[in-house]
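Comments concern the structure below.
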Amino acid sequence: MKQYVVARPLYSEDAFADEHEKIHRHHKTLRHHVKQYFTCDLKRAKNAALSLLPFIGWMRIYQLKEWLLSDIVSGVSTGLVAVLQGLAYSLLASLPPWYGLFTAFFPVIIYFFLGTSRHISVGAFPVLSLMVGAVVTRLVPDEGPPINITGFEGLTSDEQRVMVAASVTFLMGIMQLAMGLLQVGFIVMYLSDTLVSGFTTAAAIHILVSQLKFVLGLVVPGLSGPLSIIYKIFVQIEKTNVCDLVTSILIMVVVFIVKEINDRYKAKLPVPIPIEVIMTVIACGVSYAFNFRVIYKVDVVGRIPVGYESPMAPNMQIFGETAVEAFPMAIVGFAVAFSVAKVYSVKHDYIIDGNQELIAFGASNIVGAAFKSFAASTALSRSAVQESTGGKTQIAGLLSALIVMVVTLAIGFLLEPLPKSVLGAVVIVNLKGMLMQIREVPYLWRRDRPDCVVWVVTCLASILLGLDLGLAVGLGIELLTVVFRAQFPRCSVLANITGTDIYKDRKDYMSIYEPEGVKIFRIPSPIFFANIDFFRGKLVGFNPLRVLRKRNKALRTIRKLLKKGELQMTSVISFKCSGPIEESEDESNMEELDQPSDFKDLPVQVNWNSELPANIQVPRVDVHSLILDFSAVSFLDISALKGLKAALKELIRVEVEVYIVACDEYILEKLHSCKFFDDEVKSSMFFLTLHDAMLHILEKHPVNSEKTKVCEKV
């Protein structure tokens, strides 16, 4: 085993600072930062342009011969999938199917110029589509009149729904754009993988239930929650359209099997088999040939208008009605897209910018909403197609948008006989990844129960309360777990591993050395207003203020007895009592009892651990030295600083020497600037390392033991 030997002086923080000169660093002032932010030169303007238009950066390095063919293949494949998913996810948004084609076109064009990810496929995302659908059906329900909105006059139900979807998408885009301009992309960090997993699993259940009406061919009014929909389906289950049911089951089985083949043999297949597209084409042909719509009463996509509709201004009254729903949509849309983009950026070694992504999606949704598309983000399955088929840049995305445009302008009529049950079946099969996330629960329960609680509560709340409230509840529970972990951390008492300068939890090792009267307490988290009292209660296992008051009351009693001659001193550390004595119960002037013990008018200092005169009881203190390991303490707030100083004074006044080790330089500077040190709490109590403090204590309080010698040899 390799060994090393170091010979150096024993350092306190003061001694180390005296011996080693520090470099004085000039910290920039707020004025300097503001001036630098508003300073403009050629280099800064160039960087700003590249940041705002990231496509310039990768276009300059585009390898035409190596990348173009891959991007073309990827773009065509992704475009076909985008057409199908656009139609399917429009049903989730409670809109006519062809509006999904708009979502697969306009946002993609804008993201091409503004986005930093080269591999994600922008467009409809099932969770967002469902959230849009919840807003749409709330304002324009299936049964009953719509909510009173100025601008609904003279519009059909579908047109009213399109206005609601476009307006809430526009508002969502404004929120994303504002967050990007304000540089708050970090907000997505508060959505942990556990929370997102629980939320998307609940969303998958919502989506699954919402598609059952298409799979069974039923008319289910309203979209008021999965339990309500299940009840409404169960009530009219006898009206199931057998043709829709058989078609859906057949589609789901075939698509599921082929997708499994794609996953198992993806290394051998040049491109994944586009089974959804193949089955859609077959379903269209069969439906047209056998006239499913007339003969079997199958609900089909129906007429798809040729071309794009004229732009539309958002409705301001709808903004007020949907602001609460738009914000979680903005967060969820960005969080999902950013997490997918991050996976591919790591895989292909390039950098993505969270704030620029917010700007890109904000602008995409604003422009898309103006042309009547609904909320856009990214879908993992579609992005996987774009990346796995060889896509290198967003040129693949641009080509996928061109495929969608061809369908919209020229061949959309071919999709008119497509049964909606086929779209529902495709949506359900693509939920497999999200639904299988439920397998994480047993793992989380075994490994991290607070995270498991976050997952379960987020999922249940999102199912029962709706996706927007469920997300808020999940975020609240997640922040509570963070607070509780920081407020009640796992503290430990350390001991020296015999023969080394290493200190570990005393409960974990057998060969340890603990000098009598020395306690090493490790603080494993930042100290702030919420946990300072918790730490004070854990430090030494007794209340030093109570001990100090008992001692001062005992001193007050001893002085009275000495003055009356009822107590005689027999040695420097003991007393002789001439009769029974009652301890004074005078609790007046408690402030004096909290002051340091004063022995000035006594000929000796009282040994509080020896036997005191009759009826004078003072708690014994077996600790003479306390070492606080600050190696994991990253910051102290003002409340914690005051509480720490009070705790140190209480310990010092009951003759417990306190040493603080491995303190961060930033914290030391803060202690000095806040006038932390005084006649009682001195800077000399700070030591560089735990072992420095231990050797200092052993030198001050020698212990004749072989173990001590072993410890000091290190």
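The chain as shown is numbered from 1 upward.
Glycine residues also receive a Cβ, built from the backbone N, Cα and C atoms like all the rest.
Looking at 171-190, 271-290, the stretch flagged in TrEMBL as transmembrane segment turns out to be 271-290. When Cβ distances are compared across the two stretches, the transmembrane segment (271-290) makes contact with the transmembrane segment (242-259), since 3 or more pairs at least 6 residues apart fall below 8 angstroms.
Sequence-distant contacts of the transmembrane segment (242-259) (same chain, six or more residues past either end, CB-CB distance under 8 Å): 214-217, 273, 275-276, 279, 283, 292, 296-299, 419, 421-422, 424-426, 428-429, 432. With a cut-off of 8 Å between Cβ atoms, the residues of this chain six or more beyond the transmembrane segment (326-346) that come close are 116-120, 122, 125, 127-128, 131-132, 168, 171-173, 175-176, 179, 185, 187-188, 191, 193, 196, 199-200, 352, 354, 357-358, 361, 365, 375-378, 380, 383, 387, 467-468, 471-472. Per-residue pLDDT, averaged across the domain 'STAS' (508-697), gives 82.
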